[in-house]
Structure formats: C-alpha cells, structure tokens
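*Asks:* Dumping the structure here so I can ask a few things about it.
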Amino acid sequence: PNTSSRTARSEEDRDTLWDAWGSWSECSRTCGGGASYSLRRCLSSKTCEGQNIKYRTCSNVDCPSDAGDFRAQQCSAHADEQYQDQYHEWLPVYNDPDNPCALKCKAKGSGLVVELAPKVLDGTRCYTESLDMCISGICQIVGCDHELGSTATEDNCGVCNGDGSSCRLVRGHYKSQHSSGKTEDTVVTIPYKSRHMRLILKGPDHLYMESKTLHGVRDELVLDRSGQYYIENTTVDYQKLSDKEVLRITGPLGADFTVKVQFTGGTDSVVQYIYYQPIIHRWRETDFFPCSVTCGGGYQLTSAECYDLRSGRVVVDQYCHYYPENVKPKPKLQECNMELCLDSDGYKEIMPYDQYHPLPRWESSPWTSCSTSCGGGIQSRSVSCVEEDMQGTITPTEEWKCLYSPKTAVLQPCNTFDCPTWLAQEWSPCTVTCGQGLRYRVVLCIDHRGLHAGGCNPTTKPHIKEECLVTVPCYKSKDTLPVEAKPVWHKQAIELEEEVTASEEPAFIPGPWQPCSRTCGAGTQHRTVKCQVLLSFSQTIVDVPDDECEGVKPATSQPCYSSPCSVDLGEAGQSKEEEEEEEKGRTLQREELHDWEYEGFTQCSESCGGGVQEAVVICLNKQTREAADHSLCVSSRRPPRLLQDCKTQPCPPRWETGEWSSCSATCGVGLMIRTVVCTHRPSRDSNHTLVLRDEDCQNPKPSPVQACNRFDCPPMWDTHDWGQCSQSCGGGVQRRQVLCKQRLADGSILELPDTFCPTKSPTSQQPCGEQECPPEWVTTRWSQCSVTCGNGIQTLQAVCRKKEVNGRYLTADPKNCSLLARPSRIQPCFFKPCESKILFICSLNPDATILAQRKVYVQWRKGKKVHLGIGGYAYILPWTTVVLRCPTRHFRKGQIHWLKEGKPLVNLPHLSITSLGYVKIHQVRASDAGIYTCVAGEAQEHLVLQIIGSKQKLSVAESMLRRQKVGRPDAISAQERFQELHISLNRYDTIIERLLNHKESIRDEKYIADKSPASEKNSSTLEDEGSEIYIPEVLVADTRRLEEIMKNFSEDLGGLREEQLIAQLLSELTVAQGETNESTLHPPESAESSTQEPLHYKPNIKAHTARPRNPLIIQRSKKIGEGPQSEMIVYVGMPVFLQKPVVSLVLKCEAVGNPDPSVTWTKNGKELRYTDAWSPCLATCGGGAQTRIVRCMKGPEGRSEEVESPNCLGTGRKPSDARPCNLLPCARWATTSWGPVSQDIIVHKLVFTRFYHKNTVCSFFRPSSLRNCTAEACALQWLVGPWTQCTATCGRHGFQSRQVTCVHLRTGKAFRDRHCTWRPRPASWQRCNILSCGRECRDSTRYCEKVRQLELCLLPQFKSRCCFSCRNT
C-alpha cells in the first residue's frame, strides 16, 4: 500500500521497527461473513518481531436464499477441469475433521472424494454449525459477535453473550390414549422463534408436524424417513429407529409448529419434549429524544418501550411487566447541542421536553426489631412505590411503575447466632469415703462466642449437686456406738466442710476486712465477696458469676470506728497569721503535686489553603501523669495561649454550582438546569478563581439537571402537517390530522376524545390549488354501435372543457385545447348475431304483452327456492336459488330475451336461461344484485333484485360499484344507467331496512325464550298458547301500500309514529299470509300460458310514464290460500272448488289504470251491492275485531239508494259485518331477577322482549338492566389531593392540578385506578385565574424572569404574557 493509505503510527509502532498499518483490503465475500486484511512493512534491515498482516471479519450479513453455499460454489468451479481424463460434477465435503480448511469435493454419482485445492477461499466456514472461518488455510475462531479470536457464544435464547433471561425452558411429556377411539392427537404446540427443541417418541405410534405462520398460512410436514426436512425456513432433523422416533430443531422456529401423533394401535406411546420458548414481549430501548435546547448545551434522554416480537409492534408496558425476567432499562441521559448560540439568533429556543422525569422509586421503612434475641429471627419493613411531585411531596403510587428495578426485600433474617446454653462440668468425687454422700459440679451459661455470660433460661439449668453412694460399708463397734449417734458419713462430711472456706456448692465467700479508712473517728472498711465453688476432684477454688450463688450477697463495706480523735484547745484558738501560713503550705503542696502542661493542638480551622490551630493546656498530676481538674492547678501560673499555622498546602480543585434555572416545561415533567464547574483558588487570600476541566475535580459531579413540574398537562390540540392538495388546479382541498392529546406526569402522551379539549378544534382542512386549470379534452361515453347486429365499431367522443374553481366543467372553444393531445379512439362492438334477426323480427308481435306484477318481495326466512315475477322489487337472502319468471301473452316463451342493467344476460356457471324463458340463479350472491329486464317484442318489464347482507343491510351490485370506482370519463354512471331504464334502484330501501330491523327483535325474542329458565319458559308457553306466530317465507307487499307509508315518512311524523307504521305493515303482511302462498312463489307452468290469460295489459318500454291508460285486471292463477279461522281468499280468473265448509270466502280483484278504475261486482249477471268500509281494528296486536255496516242498495253506482233488506235476499248470502284483525302477538319488555354483584359493582338483569296480546311494538322506554348495589368493593373511592398553585395570575392560560388516587376508605391502601371506575374519576386539572389582565402591564406567568434572561421578549407570545418583565426591551 502507498503512503497515503497508511494511518498514523501509534505509540506502540513508534517504539518498534514497524511502519503504520495499511488500509483494509476489500472483503473476500459480499455476504455471509468474509475476511479482510491489512499489511505493514518493516522499516529496518533487521528482522522485526510480530506479524506483518492482520485480519478482521466483514460482510457479516446473511446471503439471499438463492445465493447457494460458498464451499459448494468453489467445488462447482472445477467442473470444467478434467480429473483423470473425465469431467465431474463436484459436490462439497463438509466438516472434515483432519483439515477443515482444505477444499475437498465429492464427484456426483461415483462417490470419488478429491482434494481440489489445499485451502479454501478466505471467509469459508470451517464447519457447518459454527461461525469459525478459514483464513489463509487456517481455521480461526470467530465468536457470535463476529470478531476473530472472540469466545463470545450465544445463550439458549440465541442472544450473543446473553444470560438466558430472554427465554424460558419448557419441559413436558405426553402419553397416547388408544382407548379414546381417536386416530390422532396433538402432542404439543411450540411457538414461533423457539429454539433447541428435542422430542422423543417411544412406542409404535408415528409423528408428523403442522405449521401456521403469523399470517395464518398452514402447512403440513409428513415424516416418512430419516433425514433433514425444511418447512417455513426451519430445518427439522428427524430420526426414525426401530423403537422410537427423534425430532431435533435448532431453531429459531419460523412459525408456530404443532407436533401431532398418529395412532397405529398396540401399546400406548410416551413422548418427552424440551425446548426454549422466547419471551415474546421484551423491553426495547428507544433512541434519544430531541434535545432540550437548540444550542448552548442541553440534555436528551432515552426511554424504554414494550415490544411484541411476533407482531413487530409496540404494545403497552403492562405486557412486559408480566414476565419477572424482564428488567426495564433505566433511562440514559447525555449532553447535546453543545455548540454556542449565534448572536444572530437573538434567543435560545427552549423546546418542550416533557420526557424528562425522575422515575418512581422503591422506598422502605426502617427494619422492625428482631422477632427473637437469638437462634434466628425475622425482621420486616414495608416497601412501597413512591413518586415525588413538584413541591417535593412524596406520595405512594401504583407498584407497576417501579417494576423497572427489583423490589427491595421486605423480610430478612436476624440474630442468627445460637442462643446461650447451659454447659455442665464433670462431677466432683463423692464427699464421703463410705456409704451415702453428695457430689457437686459447675454449670456455666456459654454464649455463641464461647464466653460465660447470662441469658440462659433458669428453669432449664441442670442441677449442681446430687446424692452419691460409695459401695464401701462403714464399720463401727456396736458397744461404742450410742443409739443416738450420727452416721459416720455425715460426720465426715461436716468435718470436710469445716476444713475449707469454699464448698463444692457455689456460695458467697467473703474476704478479710481491710483496715479502717480513718485511724480515729468514723470511717469505712471494705472487703471482697466472691461467688466460689470448690472443685473437689482438682481441689481448686474457682470464681463463678454471682447469679450461680443462692441467697443474699454479703455486704462488701461497713462503717468502722476505732477511737475518737483528740482536740487541742490551743489549736482551736490559733491566729489569722497561722491560717494564712497553713493556706500557703497547702498551695505549695498543690504546686508540688499538680502543674500546667501543653498536650497537643486543636483541629485546624481550614481543611486546606492555610489555617490555624491552638495548643491545648491541661492540669496534670505529676505522680499519676493523668489529667486533673483545673482547680487543682494554680491559675496564676497557667501558660500563655499558643497558635501555629496548619494545612498550608493549596486547596485542590472543587465543584462550584450555580442557581437553578426555571423549569423548561410548564407541565408534564420538565427540567431545571444549573451550572456546575470545576474551580480552583490559588490561596485563601486570593479573590481570583480559576476554571479547570471536569477531570481535575473528584467525582461524583453534582447533578446539573433535575426534574420539575411533574403533573399532568391539560388536554390540548396536536396538529400534524398538511397533506397534499387533492387538485393541482381548479380548487382542491388539503387535510391534516388534528388530535386532542394530553401529556401525563409520567411523560406519556394520552390520546383523548375531542370533547376533552376546552378550546375550538383547529381546522382540519383548507382550500388549495385555487388557480385556474387550462382547458383540456374530456371524453364522453362511447357512441352507439354502427350496426344493430354482427360486428361494428364505436367511437369515443371528446369535448374541450375548462374546469372552474367550484369543480364544474364549462365547454370551451376547441381551439383552446391542444389538437395534438385530442384523443381519438375506436373500438369494435358486437350486439348479437345477425342469424337471429329474422326470428327476432318475426317475434315483434305488436300484441305481445308482459303480465307484470307491481309487488315488492321480501324474503323473511331462509329457503331453498324463491319464485319471483317480473315488474317489481325483490330483497332476497344470499345463497337462495331464485327463479325469475316473465309471464307473457301473444308471445312465445322461447323468444324472450333477458337483460341485466341494459346488457344482454349470458349463461354463467350458477345462472342459466331456460328454453321456457325464465332465469334460474343458483345460490344467489351479492354480485347477482341488479336490474333484470324481460324483453318480449316491443314490451319490456324490469325487476330490481337486491341481496340482504349482514346486519340486515342491503348489498349493492358489484357491477354498479365497479362503474363508480372506474372514474373514466367514458364510463356511464350507475345513476345514468337507471335513468335510461326508467326505474329507481333504491326506492324502497329505507322502508325495507326498517322492516328487517323488526325481524331482529322477533329473532332475539325467540332466542331468549329458548335460553330462559325452565320455569319461565313453561309459563311463557302457557301464556302464548294458541297465539303461534306464523310468518311466511317471503313477504309480498303491494307497491301502492308502500308508497302510502313512504308518503307518511316524508311528512316527518317523528320516530315513534314511523315505528308504528312499520309494525302495522309487518302485521298486515303476516296476517294476510294467504296472499303470498305457493301460487305466487311457485306458480305452475300453466301460469305462463299465452292462451289462458284474460288480461288486457300491454306495457311498453316507457311503462312508468303517467299517460292515460286503459284499466287492466291483474289475475292470480288460483286461490291464494286459507287465512285464519278457515277464511279463504281467492283472486278472480279461475274456478274455486270448496272441498269443505269455510267460515268466509273473500274474492279479490286487482285492477290498475290511469285514472284508478272503479270495480263493480256481479253475480249471475246481477250487480252486487257494496258494504261500508271496515272500521279500524279494536286492538293493535294480540287479536282484535273489525265491523262494518251492510246495507241493501239499489240503482246504478253513484245514484243508488238504500232499500229494504228483503230486496237483497235473491242476490245471495248477506256479507259478514265482523272479522278478526291484528292477530300478531303483542310485545312488552320482560325482565329476569337481578343478578349477583359483578366486579364493577353493577347488578345486571336480563331484559328481553316477550309477546303478549296488547301492543304490537315494545315501548321505547326500555327498563334498566343495571343498578348500583352495596358491596365490599364500594369501599374503594377516589381520594383527591390539594390543588397546586395556579400557573398564571390572569389571562386564559392558567391551570392547576391535583393528585387523584384510588384508595380503600378504611385501610387507606392505594389501588389501581380501574378498581374505582365504578364512579367517575374527579378531574386532575382545572383552569384557574381566568380573569382579564386588563390594561395594566403585569406578568401573567411565573416564568417571566427566565423569559427575560433568555431574551425571548422579542417574540409576541412571550411579550404579551410577560409585559412587566419585558417593558424595557
């Protein structure tokens, strides 16, 4: 390498003969880990010690999956070279134990192994399961930190140099149960990212695996032979032996793996498994927050966030607190923006820095006294999590806030030493030489140090004497032994005790009295009294503690008097001179015995820089050399005061601190800073102080920063940047996100509803791009096809238009648009084959008629098949087979054409057009919704088909949505298409959706009734017996009836009235169920005959225009059905056969025309008379009755008059004057009994709808299903603290805060806030001092002094609030 590429020589290189190291070479690999080297040269002609080359790793990133193995690439490079006159395809040989860095390859097919090169390329792995790499043919150790020579290894969790705390060991076993009848079973599910899985199955069963990724993709792995398998980027080692199967996965797992066992019969199998499961929620340290200032030196802080390893998202901290292994990293603080502020800036911007806050900490009380004085006891203390507010008040808080550090111990052992115990010495010999006597021993109280001390339990003290028996008999002549003589052994014992002062039983032994303290007169004499015992076996006397002796201790002193002192009369009358002489003698005596002396010096007055100290003078006893009272020395002879210099060496540098600044944030935790510099004063008398480097002062350095204003901020608006303009010209809109947020005292930001912010929300959108757009070509729709059949062309028309600011287009002169940019497009078109032209023309029968029915069909219940007639609207449930019929007259059914939304309808896999002219849709879906048109000659009729989606909402046809989404100028909008078809798509959607909403209430009632207790269900069954609700599969409503209801809706009657109208409609449709029977939904094929239709209805293409038309009768093919109470309803048009008597027979005749035609009935040619209209039903639900007046009338309609009833006897049976009505059962709110107390202190009860014979619709005043109750949890209440000082004295910016805590009223213990949520949380902040500051120039905030210091008065927002402080700027 050249000189310019070399680095400067280090101090180590300068002491040697080597030049500086050169630059690093290119990496030997681009990925997967390679090697790079650096060279140096020897500057001497002699040999230099050491290496001239050094290596390092590089490109330590994973290679792409398709990159291939590095060693395999080196082997394949020799494929174009002959070996033994043959070409071979070489495969790598891995893990060679002898020489792992040689390139050994194996010929494919022959198994020939050859060393093709003595060493592999630098960066090749030595072994497949290791990071060690070959460099210059030598295997070099590489640690998990990718450093050469490093011994760093991964822990079981896969963390380099980790401590294993990021995962946990899972062990388990499983035993198959063949008797259960299953063919397979799940052994264990191992979560994503687990490692070091090992599973062993012993038995006849067989293992297989399933995987599921985080995106829900499933896969299965069949293990049929031993070897390696790959699934979801995971290698699975499988070994199948004769009696067991073994699974090994090093990991990490790329998905959730489920190990399953397939039963094969025979004995049960046993599975044992072990793996390391990751802790999916881990703390992750954040980057440093923004600096507190922009220049001049500030601070920035890190934090920690809880991270979900599976989803890769940040979650709330509580997830990480669940794992004891998780330790929240402590925040880091560093200096930032240390450069000086420029003079041109004018001021130093203080950025709000609310993330700074001192962390809550554990605080403990003093230890209690030990429970025992010895032998091991326990002492305890209370430990709580506390935080400090801005006034320095320490208050308890939730414990989870302190879980970032281990909780200090609340118990500890104490006085673990052994308690004192009694230790008995050996027994003395027996006190007699024959017969029965006594023996003694010494019992001492020994503590844990081996010393004789007190503290032993007196009740457990062993006895110190006992009787003894010497087996030698005592002999004495009977003649010399009187009867009353004492035994010999007793006499010997008395003599023994009299011979010595101390006995073998501890006793107080007084010593001799000392001489009297006075030779004449009263004095005192002393003696020693000791507790002693005689050890007879050693014949020694030992001293024992006084508590070993019994009885009262003898006195150790007593008064004494030997003789009176004599008094000489001459002495009593001595003169004053003699007394003075005697006093002088005593003074001389004091001078001879005591004298003043110096004894050391006092402490120095200064610790450095020069001080003084004074010599200490004492009165000394010359004989004992001990200090005596100053009065014993002669005061006139006291020596003078002596002073001397001390600590004259200069003082070392020391820290000097300045005053604290004002807080950087008004709320939500800010910072106060102060200057801390290292200073030095050369001497005590010098006024000059030097500023030194921080390294010159001793640590620790005083903190230059501390937290302040630790309380919640008021909610305020947070606005994001404006987005892009929706239009570059012609007037657009740009939007931004405006959120209501609150910064809390712990530094976190809480997003709140908009109502929490007191002021008006800033605007979230504004106009933009208001400049005019240049004219441009706008394409209209395609023109008509040039032919009516066969192949033709269509052209795209273009118009020059100019877009105005309001979004409208104005047609402009084509000259204003560029002729080069004018679109010119042509496309082929095809309407229908021309071969059918003759047949179609022949079918254009001018008398062709479509028998349309103006009905609205609503499928109420699921069914297999629904038949619909052309001419109305249909709302059908999905997955129902629908048959669309188009009955015609004077037209062949096979020539009927069907259109959908104006385009020819074609056969699809689930849709077919039969030869009989009707359409059959199998399992209708949302894409089938639309407008179906039946074309018969010149006549055509439509049917709007809509699908009822989830939550009773109506689906829109995908084709309609597709048109709207395309947005091309040549696309025809859905609304234009409907206008072409002269039909309204959503005419009845509103009323049908309201009708379907009642379906939910009936369904809910049925569900709750089924789920209700047996007692209630039985009673309900008895009540509703005989009033079974029958709602047909399809409800059929007349369009005229729906138009009337819609008209009432348009009159704005109100919500309750509208609900009653809908309920009334539902009642009419269910009562008149006979009108929607099978003949309507499943008409016979004969209904479509063109010869049996006595109707004269010829609708044309514009059937919905309001021109006059002839009256027409709409015929039903047969009877509609039987209503309640054997009432039969039929339509005119075909004979009716009564096979059994019926209560009433209703004949109906539907007629349409413009104007509405009048209907006249005749019987056998004679005109029938009408009765009056039915009266309103007497009940709205549960079964009522209607009445009418039946009169006999004579004469033509309009001029008829009432006659006697006998005149009508020949016209038939008199019509009924009463009939039942509104048979739908009533509904009311029914409640169950109150439930037990829940955790939230709210009692629930079940409220559901039950049908009764009173009201059709439940009252809208639903009974409450919740109520408060009294329980132990009610003792948890909100406790509020005092309000802090207001941040302003006037204006609109002042606020104050207070502490709000959830506590137990009796114990005073703090709980988490969620335990008190059964009551509203009191406000933790409020506005204050909202008074006009008036015209008086004064400060409205307490931070104005800092504003003036930082020269912020130039800014209007600061000057207005700090008028007084900024008055001179």
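The backbone N, Cα and C atoms fix where each Cβ goes, and this holds for glycine too.
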*Asks:* Just choose from Cys48, Cys58, Cys63 the cysteine that TrEMBL connects to Cys31 via a disulfide.
*Replies:* Cys63
*Asks:* Identify which of Cys27, Cys101, Cys105, Cys126 is listed by TrEMBL as the disulfide partner of Cys58.
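*Replies:* Checking TrEMBL, the candidate bonded to Cys58 through a disulfide is Cys27.
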*Asks:* Of the candidates Cys48, Cys75, which does TrEMBL name as forming a disulfide with Cys42?
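*Replies:* In TrEMBL, Cys42 forms its disulfide bond with Cys48.
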*Asks:* What are the non-local neighbours of Cys63 (disulfide bond), defined as same-chain residues 6+ apart in sequence with CB under 8 A from its CB?
*Replies:* Cys31, Gly32
*Asks:* Taking DSSP states H, G and I as helix and E and B as strand, how many residues of the domain 'Ig-like' (846-944) are helix, strand and coil?
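*Replies:* Summed over the domain 'Ig-like' (846-944), the classes give 6 helix, 49 strand, 44 coil.
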*Asks:* In whole Å, note down how far the CA of Cys27 (disulfide bond) lies from the CA of Cys48 (disulfide bond).
*Replies:* 27
*Asks:* Of Cys27, Cys48, Cys58, the disulfide-bonded residues given in the record, which has the fewest other CB atoms within 10 A of its CB?
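*Replies:* Comparing Cβ neighbours within 10 Å for the disulfide-bonded residues Cys27, Cys48, Cys58, Cys48 has the fewest.
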*Asks:* Do you know offhand how many angstrom separate Cys58 (disulfide bond) and Cys42 (disulfide bond) by C-alpha?
*Replies:* 26
*Asks:* Cβ distance under 8 Å to Cys42 (disulfide bond), same chain, sequence separation 6 or more: which residues?
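*Replies:* Set apart from Cys42 (disulfide bond) by at least 6 residues yet with Cβ under 8 Å, we have Leu17, Trp18, Asp19, Cys48, Asn52.
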*Asks:* Going by DSSP, how much of the domain 'PLAC' (1333-1369) is helix, how much is strand and how much is coil, in residues?
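*Replies:* Helix (H, G, I), strand (E, B), coil: 12 helix, 2 strand, 23 coil.
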*Asks:* To what whole number does the mean pLDDT across the domain 'Ig-like' (846-944) round?
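*Replies:* Within the domain 'Ig-like' (846-944), the model's average pLDDT equals 89.
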*Asks:* Around Cys31 (disulfide bond), how many other CB atoms lie within 10 A of its CB?
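*Replies:* Counting Cβ neighbours of Cys31 (disulfide bond) within 10 Å gives 15.
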